[in-house]
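Enquirer: I have a structure I would like to understand better, so I am pasting it below and will then ask my questions one at a time.
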Amino acid sequence: MEELTEAYKKHSKEGTAPSLPECCRLLHAAIGCFSKTYLVIDALDECAEDARDILFAELRKTKPLISILITSRHTFSDHFDSESALRLEIEANVFDIRQYLEERIIESRVLQAHIKKDKNLHELIISGIVNKAKGMFLLARLHLDSLMAKTTLRKVKTALGSLPEELDRTYDQVLQRIQAQDRDHAVLALKVLGWIHHAVRPLGTRELQHALAVEPGDAQFDEDGIPEISLVLSVCAGIVTIRQNNIMGLVHYTAQEYFERRSLDFFPDAQTEIAKICLTYLSFNEFAQGPSPDDKAFDDRMEVCPLLQYASQYWVRHARDNPEAGIKALALAFLKQESNVASSMQASEAFKSRFTMHSQQFRRNVRGLWVTASNGLYDLTVTLLEDAASIEPEDFEGERPLHRAAINGHDDITLLLVEHQANIHAKSNSGATALQCAASHGHQQIVRLLIDKGADVGTCDKKGWTALHLAASNGHRDILRLLSDHGADIQLKDGYGATAFRVPCS
């Protein structure tokens, strides 16, 4: 297990994630430590198809063989021997659903009042819902919720006669109930659903509360704007729930799929609105003091400002998914506040490690142009350049906007920076040029662009590695060919005496 421990220490220290080949190698190393291995794979259906294929290809190679338990909403019989694999289909039985309905009906004062007027209503509700639920607890719950919202016995009976069997029609009815609430409650519910559906990762209860409390134009956070979680759940009519560890989520995966199909109907501007909330939060006066000076101050800040980490890490994702024009003014105002940007960088990166001084492990000296170039925000980059922003701001690792655009594969921004006289020969603290960054990360078009603009293919970093060495170490054959076609010396040795074709592949 030493190899796994060393890999964990390395990536924790550097704030990086292992590559797919490294993950595969570590998987085999871990399995090789035991005579018998049991592997549990939960929610396989949520794994991307290409990653799933690679995972099973690697598992077939394991020695010794392993025992696997898989949970999934769908079967993947093409990945394993269908005859030897045991399967267990899990669904609610009628008795369980009836018992659930019995208990909820007893607890409902509204339904009990209706049942007093019609003794047969109790069994009509249970049998009607059981017949429509088709073994799904979720449908049973949503149907009962809809009946409990009816104001008269007549409306309950009418609704019983039109309970849908399809989930989409059931969700349609839920959204109709949500939108039929008074305006403030309906607006709050759609905000909640928009955040939960579009969030890059699941949000905690306090993160969501802070997100809902922020209003455009706020200069500081107002605690009086926080809605109670009980109200948040109530206005969402049963399709929002609190999961383990106080994580907010939709009641069922089918609700997520429903909103994916109907997103433009219910949340046409959600990405832009979320980006605005994140940028407003990041621009608060309390973050103008700059990064927290020590671990305690940082941890206290993150406790008091629970949305800070999410807003710092993902505002760009929400801004990039929609036209930047909708958030341009807010983004520029934030990006020009160097102390707020520094606070954001700390919140974004410092949680990657939890050892002493963890709060100080983040990129420093980051400027607005560095952020936009690194994240592919073209329109904002243009505006910052027009506003005479420095073309060469360096972070504490000596990386400039051109380095960041090259690393992350932003062809258009790379060209824009070069046309604005960015120094293509500038080196980071490790001695890397933008060309070497692009070659290392496999961005062929940027490599070609930089060569055409006069980048030196023979420049070495502090290890003696050229762009050719870096492309070879990462297996980028097309870039190797491109560099050699433009005069890169394939016999040149690095500081360890190795040519490009003898360097170890990562």
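Here the Cβ of each residue, glycine as well, is placed from N, Cα and C on the backbone.
Bear in mind that TrEMBL entries carry predicted annotations, made automatically and left uncurated.
So TrEMBL says this about it:
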type	residues	note
DOMAIN	7-73	domain 'Nephrocystin 3-like N-terminal'
DOMAIN	186-263	domain 'GPI inositol-deacylase winged helix'
REPEAT	397-429	repeat 'ANK'
REPEAT	430-462	repeat 'ANK'
REPEAT	463-495	repeat 'ANK'
Enquirer: For the repeat 'ANK' (397-429), find every same-chain residue at least 6 residues outside the stretch whose CB is under 8 Å from a CB in it, and list them.
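Expert: Distant Cβ neighbours of the repeat 'ANK' (397-429) are 363, 369-370, 372-376, 378, 381-382, 385, 391, 435, 437-438, 440-441, 443, 445-446, 449-450, 453-456, 459, 461.
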Enquirer: Can you name the far-off residues of the same chain, 6+ from the ends of the repeat 'ANK' (430-462), with a Cβ under 8 Å from a Cβ of it?
Expert: 397-398, 400, 402-403, 405-409, 411, 414-415, 418, 424, 468, 470-471, 473-474, 476, 478-479, 482-483, 486-489, 492, 494-495
Enquirer: For the domain 'GPI inositol-deacylase winged helix' (186-263), DSSP counts of helix, strand and coil?
Expert: 46 helix, 9 strand, 23 coil
Enquirer: In the repeat 'ANK' (397-429), how many residues does DSSP put in helix, strand and coil?
Expert: 16 helix, 0 strand, 17 coil
Enquirer: Find the average pLDDT over the repeat 'ANK' (397-429) in the predicted model and report it.
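Expert: Value for the repeat 'ANK' (397-429), mean pLDDT as a whole number: 95.
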Enquirer: Could you count the residues of the repeat 'ANK' (463-495) that DSSP puts in helix, in strand and in coil?
Expert: 16 helix, 0 strand, 17 coil
Enquirer: I'd like the per-state residue tally for the domain 'Nephrocystin 3-like N-terminal' (7-73) from DSSP, helix first, then strand, then coil.
Expert: 35 helix, 8 strand, 24 coil
